[in-house]
């Protein structure tokens, strides 16, 4: 009896990203077939059943297929913008100076608190659409611009709604420990009490978040305060991830690893102790070259240390209004290659397989393997390096989410 599939993509070149394959896991003469939204076959044409049948067959005409792209660190939902702060930075003000003067995250908090859920969704949709237009099929979206329970929940609800309005998988992270709100009067301990005793239980009860994040930095929260948040999250059964070592080395990478974090992100100032700890815990390093570029950082993340110790490397846009108003994973890959000296294979893996790993989703997406969601990006390119090499050019031919 002939094998039945829903759709078959044939005459394609595949970059499977399978972990058991070298490099990008390339198959020159490949086929992908889907059934019930998942990959039922991904491999050489020669291994595909000659009598296979499907209502729809797509001739890819030699185009490349990669897994759908994954943006594993964004702050996509927020109110207002911070273009005026961009002008201040151009005039010489630093990110820290703007934050300490009441700008930065806190200014976005005011605009986000004033916005309705519908307004938050409407403002985020164009940013999401820009990412989808480049082949993104999975995105992580954080809260963190409410800094009080109602607005944090509203942000998370808006993020979930985006996944209902567009064909994309949305993962949400609660980032209540992002900054200190004005009404806290400088009392970080009391605010962390609020995060742990009120916000986190409300978030967990509502099911609004898939993970808990925090910003551990001299201008944000201490290692001790971050540990309190993570301990509370773990008690509630929520995995954690951390904005770590971006502006200074407070031991964020090692702290994240100690809590078994899915990922530690930024990492410009991480040392070898942190890299070793991440390797042991399986914590993914999420590098954010857009933020490095936009705020004109000079300390690069220690990519060689991560390679040396086998830490997995993911990439993301860090789309946010203050330090990375970026909605292009293609440009993110180019930045990672040119600024951080990452290889083409590392960059492409970083926005597919390793992005999935950073979200705890590798069992379901991130590679072209049977059983995973049929999330594909089909490209008009001659070789995968073009995805990293080109600037301001989008070679996406088709984006497929769950087989459609």
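Going from the start of the chain as shown, residues are counted 1 onward.
Placement of Cβ uses the backbone N, Cα and C atoms for every residue, glycine included.
Here Swiss-Prot has 73, 75, 243 binding Fe(3+), and the candidate from 6, 318, 345 in that same listed site is 318.
For the 4-imidazolone-5-propanoate site, Swiss-Prot records 82, 145, 178, 323, and the single candidate of 10, 246, 398 listed with them is 246.
With a cut-off of 8 Å between CB atoms and residues at least 6 apart in sequence, the same chain places 82, 85, 95, 104, 105, 108 near residue 322 (N-formimidoyl-L-glutamate binding site), listed in sequence order.
Here the Cα atom of residue 320 (N-formimidoyl-L-glutamate binding site) is found 5 Å from that of residue 75 (Fe(3+) binding site). Taking all protein chains in view, 27 other C-beta atoms sit within 10 angstroms of the C-beta of residue 75 (Fe(3+) binding site).
Cα to Cα, residue 318 (Fe(3+) binding site) and residue 246 (4-imidazolone-5-propanoate binding site) are separated by 13 Å.
The N-formimidoyl-L-glutamate site is defined by 145, 320, 322, and by the 8 Å test on Cβ atoms against their centroid, the other residues of the chain that qualify are 75, 78, 82, 105, 108, 144, 321, 323. Between the alpha carbons (Cα) of residue 323 (4-imidazolone-5-propanoate binding site) and residue 75 (Fe(3+) binding site) lies a span of roughly 11 Å.
Considering only the binding-site residues 73, 75, 243, the residue whose Cα is spatially closest to the Cα of residue 145 (4-imidazolone-5-propanoate binding site) is 75.
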